[in-house]
């Protein structure tokens, strides 16, 4: 009987959550379709128009030859070769770029704009990820556990004087504010300046990266027309690791800070 009651309780909680999950996916699909489908159709029509105009200007080519050339460009892009520029474009596999790629593997970001093309590289990537992904998870969990031990005094918050309570809340709020600036505000400004993006695009890249979604529509250090410093992509990889570590700290701190602020406000009102 207790087991049946437990299963019934679990099922009663799971069904509403499942329905909410499905409804959220349906909502997202509907909104994305409304926002993006028309723009996609316009881009497709524009691309077809440009192909036809190219054939009109270069009559020595036919439709088949052009389609073969487009296929070559697509295959180059899939292999991480930017078709813009020439053979002097910076390598995707210099040490800085390789370090950046290694970081995207262990953090499961996986932009999708670059992947190993050799069989040996693909096999190594599999075993590297098998070890690196759990190592990354253990590191972030250990970081969160370390923070929990340092927050022991904050957990005994009610036992401390009102002045000490206020100072702890202000210190925690300052830490979260500075972390947000250093991780989520300043880096997008730098990326926007270096890459020629708007701040919105830089902030979008930062969020998509640190959330490990990693669409690959915006990736730093891939424009062949720009001259990047040699350590640019390595610094970006370090920023990703620090950003993920900071998020691992913020997730337990944010709700705790809100709870303590509400408690302090109630105490100040004499409730």
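Glycine is treated like the rest: Cβ placed from N, Cα and C.
The transmembrane segment annotation in TrEMBL covers 14-35, 93-114, 120-145, 166-190, 202-220, 232-258. Look at TrEMBL and you will find 86 tagged as N-linked glycosylation site. Positions annotated as domain 'Potassium channel' by TrEMBL: 87-144, 180-251.
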Long-range neighbours of the transmembrane segment (120-145), counting only residues six or more past its ends (CB under 8 A): 102, 105-108, 244-245, 248-249, 251-252
In the domain 'Potassium channel' (180-251), how many residues does DSSP assign to helix, to strand and to coil? 48 helix, 0 strand, 24 coil
For the transmembrane segment (166-190), I need the partner stretch with the highest count of C-beta pairs below 8 angstroms, choosing only from 14-35, 93-114, 202-220. 202-220
Sequence-remote contacts (6 or more beyond its ends) of the transmembrane segment (93-114), Cβ cut-off under 8 Å? 80, 125, 128-129, 132-133, 135-136, 209, 212-216, 219, 221-222, 230-234, 236-238, 240-241, 244
Report the DSSP secondary-structure composition of the domain 'Potassium channel' (87-144) as helix, strand and coil residue counts. 38 helix, 0 strand, 20 coil
